[in-house]
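Below: the structure, in structure tokens.
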Amino acid sequence: MEKSLLFHFRRIGVEFIIFSVYAVFSISWAATGSLMPLISNDLALNTQQATLITSMIVVAKIFGASFTAFLVYKFGLKKGYFLGCILMSSGIFLSFVDSYSGILIIRFLTGLGSACALVCLVPIAQQWFEKKALHFVISFNITSNLVGITLGLVLAESISNYFGNWRDSLSFYAWINLILLILWLFVGKDENKKEEKKNNAKDLIYALKSRVTWGMIIFYIGPILFLNSLFTFLPTFYAQYAGFSKELADFAKKEIPALANFAIIFGPYLGLFFKRKNISFKIMLLSGGACIFICGFCMLFLQNLVLIQIFAVLSGIFYSM
């Protein structure tokens, strides 16, 4: 791997872009949940319709891995990443779309793009970094989701107030991603190995036929829906249905999702500990899913804020275990 000064500047630029793209998406995703009362009032939506706006991203993520594999195989990593992630910038049209169905389509496209951004974090890092640096960069990139969601929960209302409406504030994040992806065209690179495409085709077909692939996809639908509910349904639940005072509800709807997402950092360490104790991955998946269900139940029906905070932290740990 070349070590010129230009190379180092270029890979710093690449790292900044791929981290920021997914972080900005995560800000937008979390902000949508925080702004859902405004969106619901503006569009006259019921609870089910409002939930579907954010759930469309989850639905798209289910198909996103296969979609990304096809793009990378067909166009290479540089163009595939660009074409996939550019779908996230479809949010720039939120300012002009008035129909509920149009918004759902934009959210679905955004979800497909976000899946591409997430899946490509590792292969892009492998292009530019080696050994210890690579492990650090991959771990660092994973936190982009946490950073984005936390910023979204904290800043969503302030940014919306600055723009004066929820449409322009959500479009703002899409414009940022569009600028980042244009920069990507100048710093990204493709592999020049002719045999790689053949190998990728075999790997893609094998992965699509694998029972493990589809089993993992089906299993993670539940945890992803839970993660989605943390910053979509829960803030609305605490504000309107939990019976909390206004001050307590305003505190809970921001802190509880933030705590759960912060705790996600520590889940892999618990998983590694159990793995060293020779506990199988299958058992960890099943027990982790059951614990997430218990934590979610307690977060909904407990009235003690301290206990809700504890179960929020535990839910984040079990989610990423």
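The backbone N, Cα and C atoms fix where each Cβ goes, glycine too.
Small disclaimer: the values here were computed from a predicted structure and weren't measured.
Swiss-Prot annotations:
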type     : residues : note
TRANSMEM : 12-32    : transmembrane segment
TRANSMEM : 52-72    : transmembrane segment
TRANSMEM : 86-106   : transmembrane segment
TRANSMEM : 109-129  : transmembrane segment
TRANSMEM : 136-156  : transmembrane segment
TRANSMEM : 168-188  : transmembrane segment
TRANSMEM : 214-234  : transmembrane segment
TRANSMEM : 254-274  : transmembrane segment
TRANSMEM : 292-312  : transmembrane segment
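Counting Cβ pairs closer than 8 Å and at least 6 residues apart in sequence, the transmembrane segment (136-156) and the transmembrane segment (52-72) reach fewer than three and form no contact. Same-chain residues lying 6 or more positions outside the transmembrane segment (12-32) and placing a CB less than 8 Å from one of its CB atoms are 39, 53-54, 57, 81, 85, 88, 91, 110, 113-114, 117-118, 120-121, 124-125, 127-128, 137, 140-141, 144-153, 155-156, 159-160, 169-170, 173-174, 176-177, 180-181, 183-184, 187-188, 231-232, 257. Listed as Cβ neighbours of the transmembrane segment (168-188) (distance under 8 Å, sequence separation of 6 or more from its ends, same chain) are residues 10, 13-14, 17, 20-21, 24-25, 27-28, 31-32, 35, 77-78, 81-82, 85-86, 88-95, 110, 124, 156, 159-160, 162.
Listed as Cβ neighbours of the transmembrane segment (254-274) (distance under 8 Å, sequence separation of 6 or more from its ends, same chain) are residues 30, 33-34, 143, 145-146, 149-150, 153-154, 230-231, 234-235, 238, 284, 299, 308-309, 312-321. Panel annotation: around the transmembrane segment (86-106), residues 21, 25, 28, 43, 45, 49, 52-53, 56, 112-114, 116-117, 167-168, 170-171, 173-175, 177-178, 181 of the same chain, lying at least six beyond its termini, place a Cβ under 8 Å from a Cβ of the stretch.
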